[in-house]
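Step one of this worksheet: look at the structure below.
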Amino acid sequence: MTPPSRDSAARAFPWLLTAGIMLVALNLRAPIVALAPVLERIEAELGLTPATAGLLTTLAVLCFSLATPLAALVIRLSGAERAVVIALLGVLAGTILRSADGAPTAFAGMVVIGAAITIGNVVMPVVIRRDVPPDRAPLVTGVYTAMLNVGTMITSLATAPLADLVGWRLATAAWGVFVLAALVVWGAYLRRRRRDDAPEPEPALTTAELLTGGIAVVDDRAGPGASDSAWRNPLTWLLTAAFAAQAWGYYGVTSWLPTMLADLRGIGEVAAGAASSVFQVAAIVGALGVPLLGARTPQWVPAALIGALWMTLPIGLLVAPEAYLLWEFLGGIAQGGGFVVIFTVVVRHARSDREAGGMSAIVQGVGYLLAALSPPLLGAMHAATAGWALPLVVLIGSTSTFLVLAVVATRMTDARR
């Protein structure tokens, strides 16, 4: 028997690619979350109201919806590998621009960051689907999701104390070091790929198909009109509303949790930022736990559990804020699992990649558009009432909406199967 070649043994698990994916993932949420621990400083220095400060996050989230066609075009013209480099360079440029002098550059920097992250959001599942062996793809996808939350945890934990030393501008710009590390490792992967593999033409994908690069469906029996049928499918709009409620909660809480904790508990900016990191890192439990639970129970069970956990965060902060670490941990599990719940329904319901792509494009495009309103509206409510009761009640409404809609959607899918 011929022993396996050194190349085939080395490629049994794509270590270098996985390292690159992990470092890229560090940059696809962290630049947005980095502002939250120092948002009050930014308001004071730039002369912003809470509502306009919330727009800093909103602009990036809006890009997740509005810049998707641009992201698809970049990927088609440059290829997946170069698109990753473009995304990283865009994040770096936006981070530097955001830290320059004046409010206009801060907002412009967030637009650049949002557009660049949108490219990364779209292309990374495509890379995983194409370049990772199928039996390793679930593990690498889980690692990718976990690293998104590790990045947000690090920036939540360390931005405020770093700002005490060097100011908020340099503190938020410092996270560009993650981009530089990702560029080094991704460049090494590209050099190895060029050395080991003959170039292959990449398949032409629609914008919708690019959005669901990591989604695998059972078969491809649906015809060319399957993507269009997503617009007429009631389940698509049910999932869109559920996703909007999920994303509304996530971006609203992420933007204002440090400020909320400082006001409700009287803790300092550094401590509030550190406490907020619990909300981010707990998402790893939800992202990995939902598939494990869903494999053993009907899909409505993890949906109901995640929805209930989501509600504990705003309810707990409203009635028992002294236990904020517990509420953050439970809410963090929920925000990590909520995304998985929704797109598990897409996977199970869709009859083809085209149909899955159509559903996912609508769910994410419309959902992010609605969720972008959360940070400025919650900030405006806080400013108008000089408190957090009304914003927390609104968050109770959004999380309970997610609970109801996610359970209905998963029961529909369970019944169909």
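Sequential numbering from 1, following the chain as shown.
Cβ coordinates come from backbone N, Cα and C, glycine included.
Here is what TrEMBL says about this protein:
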type     : residues : note
DOMAIN   : 13-416   : domain 'Major facilitator superfamily (MFS) profile'
TRANSMEM : 12-39    : transmembrane segment
TRANSMEM : 51-75    : transmembrane segment
TRANSMEM : 82-100   : transmembrane segment
TRANSMEM : 106-127  : transmembrane segment
TRANSMEM : 139-160  : transmembrane segment
TRANSMEM : 166-189  : transmembrane segment
TRANSMEM : 235-251  : transmembrane segment
TRANSMEM : 271-293  : transmembrane segment
TRANSMEM : 300-320  : transmembrane segment
TRANSMEM : 326-347  : transmembrane segment
TRANSMEM : 359-382  : transmembrane segment
TRANSMEM : 388-409  : transmembrane segment
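When Cβ distances are compared across the two stretches, the transmembrane segment (166-189) makes contact with the transmembrane segment (82-100), since 3 or more pairs at least 6 residues apart fall below 8 angstroms. Two recorded stretches are said to be in contact when at least 3 C-beta pairs lie under 8 angstroms, sequence spacing 6 or more; the transmembrane segment (271-293) and the transmembrane segment (106-127) fall short of this definition.
Counting Cβ pairs closer than 8 Å to the transmembrane segment (388-409), the top stretch among 51-75, 82-100, 300-320, 326-347 is 300-320.
Within the chain carrying the transmembrane segment (82-100), a Cβ under 8 angstroms from the stretch's Cβ atoms is held by residues 20, 24, 27, 31, 71, 74-75, 106, 108-117, 119-120, 123-124, 127, 169-170, 172-173, 175-176, 179-180, 182-183, 186-187, all 6 or more beyond its ends.
Residues 53, 56-57, 60-61, 84, 87-88, 91, 94-95, 110, 113-114, 117, 120-121, 124, 127-128, 131-133, 136, 140, 143-145, 147-152, 154-156, 159-160, 163, 168, 171-172, 175, 178-179, 181-182, 185-186, 188-189, 192, 254-259, 269-270, 272-273, 276, 280 of the same chain sit 6 or more residues outside the transmembrane segment (12-39) yet have a Cβ under 8 Å from a Cβ within it.
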